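**Student:** Got a structure for you, written out below as structure tokens; questions coming shortly.
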Amino acid sequence: MTFHIGAKPGEIAETCLLPGDPYRARWAAERFLDGATLVSETRGMLAYTGTWQGHPVTIHGTGMGMPSLSIYVNELIRDYGAKTLIRVGSCGALQPDIALRDVVLAQSASTIGSPSSSIFREMRYAPVADFGLLTKAHAAATGPVHVGGIFTSYTFYDERPDLNDQLQRHGCLAVEMETAELYTLAARYQRRALSILTVSDHILTGEALPSADRETGFSAMVEMALRAAFT
Ligand SMILES: O=P(O)(O)O[C@H]1O[C@H](CO)[C@@H](O)[C@H]1O
Ligand SMILES: O=c1cc[nH]c(=O)[nH]1
């Protein structure tokens with residue numbers, strides 16, 4: 001047990017899938033894992049461990065935003081020995097050729113700042129995905145998939161439309177709230193990380209999926225994450 005994870009030693013797999021939403025963790029565990037067992041529900045952040053095609057996998061919610069993800073990923077890596085960490089999240093699209101339900105593979109994650117920023121002082125660190133996971137996830141895609149840079153925001157309700165304009169102009173595919181810190185922590189501890197994101201809304205058009213779709217409609221990215229981890 002740690003401050004924020006109730007699992008006993010040995011109950012967390014080396015491969016962890018990380019949705020922001022704890023109910024997405026439950027849905028994905030029930031749908032994709034054999035023998036899924038609830039191993040932590042501290043603060044309602046559900047975590048399940050089971051197997052996929054014989055491989056041990058944990059699916060652990062992270063909550064919303066980099067500070068929350070940072071707590072869980074630090075403990076998963078430092079206390080439980082997680083080695084492969086794949087975020088399965090939602091994002092808002094920033095480019096006109098990206099549609100609702102498309103998948104975005106985050107090659108890099110720009111940010112204004114992250115919980116790790118203070119250790120870099122004046123340096124603008126560039127958090128990047130694990131190349132092996134990225135290429136394997138891309139090969140496993142069965143529908144529209146986009147690969148490129150994303151923006152990890154500290155806020156959901158952003159008051160800077162000019163920032164979205166600049167991000168779009170510089171080819172940024174989508175916005176979400178966790179990946180920059182995930183990639184930075186993975187680099188620090190020499191672990192593999194990737195963010196696979198399903199487009200839940202479009203920043204340019206204002207279209208959005210209903211929240212039930214966000215919770216359960218994301219099979220393609222979970223399948224891509226599992227195939228990337230084990231092929
Ligand atoms: O669907 P998840 O994984 O939570 O990801 C996105 O959704 C939340 C905002 O609604 C933020 O956590 C953002 O990154
Ligand atoms: O952070 C996020 C996640 C999904 N959609 C957004 O617009 N922002």
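Cβ atoms here come from the backbone N, Cα and C positions, even for glycine.
This is the feature table in TrEMBL:
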BINDING   His4, Glu176, Met177, Glu178, Ser200, Asp201  purine D-ribonucleoside binding site
DOMAIN    16-206  domain 'Nucleoside phosphorylase'
BINDING   Gly20, Arg24, Arg43, Arg87, Val88, Gly89, Ser90  phosphate binding site
ACT_SITE  Asp201  active site, proton donor
SITE      Arg214  site 'Important for catalytic activity'
**Student:** Under DSSP, is Arg214 (site 'Important for catalytic activity') part of a helix or a strand, or is it coil?
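**Tutor:** For Arg214 (site 'Important for catalytic activity') - judged by DSSP and reduced to three states - the answer is helix.
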**Student:** So which recorded positions out of Ser200, Asp201, Arg214 are up against ligand 2, CB under 6 A?
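**Tutor:** Within range of ligand 2: Ser200, Asp201.
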**Student:** Test of understanding: give the count of other CB atoms lying within 10 angstroms of the CB of Ser200 (purine D-ribonucleoside binding site).
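**Tutor:** Ser200 (purine D-ribonucleoside binding site): 23 neighbouring Cβ atoms within 10 Å.
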**Student:** Provide the number of Cβ atoms within 10 Å of the Cβ of Arg24 (phosphate binding site), excluding the reference atom itself.
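**Tutor:** Around Arg24 (phosphate binding site), other Cβ atoms within 10 Å: 24.
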**Student:** Around the C-beta of Gly89 (phosphate binding site), how many further C-beta atoms are within 10 angstroms, looking at every protein chain?
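**Tutor:** I get 29 for this one.
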**Student:** Taking every residue in the domain 'Nucleoside phosphorylase' (16-206), what is their average pLDDT?
**Tutor:** 97
**Student:** Cα within 10 Å of Arg24 (phosphate binding site): which of the binding-site residues His4, Glu176, Met177, Glu178 qualify?
**Tutor:** none
**Student:** Arg24, Arg87, Ser200, Asp201: which of these binding-site residues put a Cβ within less than 6 Å of any ligand 1 atom?
**Tutor:** none
**Student:** Please state whether DSSP places Arg43 (phosphate binding site) in a helix, a strand or coil.
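**Tutor:** Helix, per DSSP.
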**Student:** Fewest other Cβ atoms within 10 Å: which of the binding-site residues Glu176, Glu178, Asp201 wins that one? Let me know.
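**Tutor:** Each of the binding-site residues Glu176, Glu178, Asp201 was scored by Cβ atoms within 10 Å; lowest is Asp201.
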